[in-house]
Amino acid sequence: MSKEFKALLLLTLMFVLSFSVSLTMGQYPVSLGDSLSALVRFNENSVEHVIVISSRLPRTVIACFVGAALGISGVLMQAVTRNPMASPSILGINSGAIFLIVLISTLFPSFAGHGLIWVGMAGATLAGSIVYMLGSLGHGGLTPTRLVLGGAALTALFISFTQAILVINQDGLDRILFWLAGSLAGRTLDAFLPVLPYISAAVAVSCLIGQHINILMSGEDIAKGLGQNTFLLKTLIAVLVVVLAGSAVSAVGNIAFLGLIVPHIVRLSTGSDHRWLIPLSGLAGAVLLLISDVIARQIIMPEELPIGAMTAIIGAPLFVILARRNFSYG
């Protein structure tokens with residue numbers, strides 16, 4: 001049995017367990033039997049069934065798709081930039097999407113649904129373009145260090161702009177804090193459905209181009225020699241990152257560090273074959289976000305910690321380790 005297949009089996013088992021635990025744990029515990037019964041034979045007169053179907057199931061399903069989207073977007077960003085520290089949150093993609101969503105929703109409160117998805121993607125595209133330009137300035141062209149520094153500067157700038165909107169518009173405090181902190185609380189499947197086709201399509205396409213990314217990672221000259229249109233592939237990867245990150249942010253707000261952590265965890269067990277790395281990172285992203293959400297619900301009950309804060313607590317130490325390792329090589 002190959003190491004990739006072992007990783008697939010392990011992650012599948014972890015996914016089933018974390019999905020089940022997510023349905024049962026919260027301020028009002030529900031047994032696994034009642035949770036399964038609610039899924040197959042819903043009884044509207046049962047409090048447990050209503051809790052599972054109306055609250056636990058939506059946030060669990062949303063966590064699965066958003067976690068997969070962010071995990072895969074991290075793999076794609078690290079591949080196209082050749083930077084092990086790249087992720088949508090580190091390079092300002094998430095903060096750009098959040099800023100534009102907050103700005104538009106503040107100026108036009110009735111603007112929602114499909115519209116916010118496109119706004120999030122536009123913000124992600126804007127942020128990615130600016131980071132690329134900042135990283136390319138000066139002698140030596142684009143380097144991993146410049147890319148991360150440009151992303152950090154842009155993230156701080158967008159967060160400052162978003163906080164300025166918060167100061168100006170006190171009436172929108174709850175909405176703005178939701179986008180800044182990231183949360184699965186109160187999210188419904190009806191609100192998530194407009195995002196679902198974009199995430200599903202982007203995940204499917206990402207899984208199909210794994211072999212092409214392997215060729216690209218062997219070197220641009222080699223890839224071109226093998227007949228690959230590297231510009232087209234890089235453009236496709238960039239579009240996929242924008243769709244995945246923009247859709248995820250428009251659904252649940254800012255989820256930090258997940259796109260950074262997941263690819264490195266998966267690489268430890270499977271290596272860098274993107275035919276496996278991409279789908280396994282999607283599965284691992286779903287598992288990690290489910291686990292983070294369960295912990296966030298339990299840690300300060302009866303309140304709950306924002307899920308973005310929980311992933312930041314997990315991801316920040318790893319980012320420091322990666323930054324020191326990569327900056328030491330200049």
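Heads up, residue numbers simply count up from 1 along the chain you see.
Just so it is clear, glycine is given a Cβ too, placed from its N, Cα and C backbone atoms.
It is 89-109, from the ranges 5-25, 89-109, that TrEMBL records as transmembrane segment.
Relative to the transmembrane segment (276-295), the listed stretch 188-210 leads the set 89-109, 115-135, 188-210, 231-256 in CB pairs under 8 A. Against the transmembrane segment (115-135), the recorded stretches 57-77, 89-109, 147-168, 188-210, 231-256 differ in Cβ pairs under 8 Å, and the greatest number is found for 89-109.
Nonlocal intrachain contacts for the transmembrane segment (231-256), taken as residues 6+ away from its ends with a CB within less than 8 angstroms of a stretch CB, comprise 62, 65-66, 69-70, 72-73, 76-77, 79-80, 88-89, 93-95, 97-98, 101, 116-117, 119-125, 128, 178-184, 187, 191-192, 195, 198-199, 201-203, 205-206, 209, 212-213, 216, 223, 289, 307-308, 311-312, 315. Remark: the transmembrane segment (147-168) contacts the transmembrane segment (89-109), by the rule of 3 or more CB pairs under 8 A. Within its own chain, the transmembrane segment (89-109) has Cβ neighbours under 8 Å at 73, 77, 81, 115-116, 119-124, 126-128, 130-131, 147-148, 150-152, 154-155, 158-159, 161-162, 165, 169, 172, 175-176, 179-180, 241-242, 245-246, 249-250, 253-260, 319, counting only residues six or more beyond its boundaries.
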